[in-house]
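Listed in Swiss-Prot:
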{"type": "DOMAIN", "residues": "58-88", "note": "domain '4Fe-4S ferredoxin-type 1'"}
{"type": "BINDING", "residues": "Cys68, Cys71, Cys74, Cys117", "note": "[4Fe-4S] cluster 1 binding site"}
{"type": "BINDING", "residues": "Cys78, Cys107, Cys110, Cys113", "note": "[4Fe-4S] cluster 2 binding site"}
{"type": "DOMAIN", "residues": "98-127", "note": "domain '4Fe-4S ferredoxin-type 2'"}
Amino acid sequence: MARTSAIDYGRAAKYFLLLDFIKGFGLGMKYFFAPKHTVNYPHEKGPLSPRFRGEHALRRYPNGEERCIACKLCEAVCPAQAITIDAEPREDGSRRTTRYDIDMTKCIYCGFCQEACPVDAIVEGPNFEFSTETREELFYNKDRLLENGARWEAEIARNLELDAPYR
């Protein structure tokens with residue numbers, strides 16, 4: 001059997017002319033000079049979805065009354081057990097919360113509390129910048145949650161309205 005030596009000129013040309021290297025370098029140069037798509041974060045902020053789940057808030061009715069009826073559905077549905085509610089009956093027979101605490105160190109921002117609430121009292125608002133220096137600041141009480149609701153009410157109401165067709 002005679003062995004013939006066939007030279008693959010295409011493979012040899014690729015090897016000696018470094019075509020793969022040149023292709024890779026060209027691709028790198030293409031992306032180097034292309035316009036950048038990053039956001040200069042502290043100075044610019046990207047758009048948020050109406051369904052964005054950020055910092056929690058308790059809402060009030062337009063007349064100032066708290067929406068929460070102390071049904072404790074949010075406490076029951078929370079997989080992280082981050083919500084603690086105590087309630088008392090009022091003189092008119094309805095129930096209202098005396099204590100509404102959320103341990104934000106446990107919260108996984110799943111949104112189940114917001115979905116379970118029959119009166120849209122607990123919502124996850126648009127704020128995602130709530131870093132703290134101590135862990136104690138991440139234990140939200142009823143007053144802090146109501147304050148968040150008052151601060152973000154306009155945007156929360158708009159987001160709930162935009163999300164209404166999908167609920």
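Glycine residues also receive a Cβ, built from the backbone N, Cα and C atoms like all the rest.
Where Swiss-Prot records a feature, it is marked here on the structure.
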{"residue": "Cys68", "record": "[4Fe-4S] cluster 1 binding site", "Cβ contacts under 8 Å, 6 or more apart": "Leu58, Arg96, Thr97, Tyr100, Val119, Ala121, Ile122"}
{"residue": "Cys71", "record": "[4Fe-4S] cluster 1 binding site", "Cβ contacts under 8 Å, 6 or more apart": "Pro118"}
{"residue": "Cys74", "record": "[4Fe-4S] cluster 1 binding site", "Cβ contacts under 8 Å, 6 or more apart": "Ile83, Ile85, Phe112, Cys113, Gln114, Ala116, Cys117, Ile122"}
{"residue": "Cys78", "record": "[4Fe-4S] cluster 2 binding site", "Cβ contacts under 8 Å, 6 or more apart": "Phe112, Cys113"}
{"residue": "Cys107", "record": "[4Fe-4S] cluster 2 binding site", "Cβ contacts under 8 Å, 6 or more apart": "His56, Ala80, Ala82"}
{"residue": "Cys110", "record": "[4Fe-4S] cluster 2 binding site", "Cβ contacts under 8 Å, 6 or more apart": "Arg53, Pro79, Ala80"}
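In this view, the densest Cβ surroundings among the binding-site residues Cys113, Cys117 belong to Cys113, judged by other Cβ atoms lying within 10 Å. As a summary of secondary structure, the domain '4Fe-4S ferredoxin-type 1' (58-88) carries 5 helix, 9 strand, 17 coil according to DSSP. DSSP gives Cys113 ([4Fe-4S] cluster 2 binding site) a helix state.
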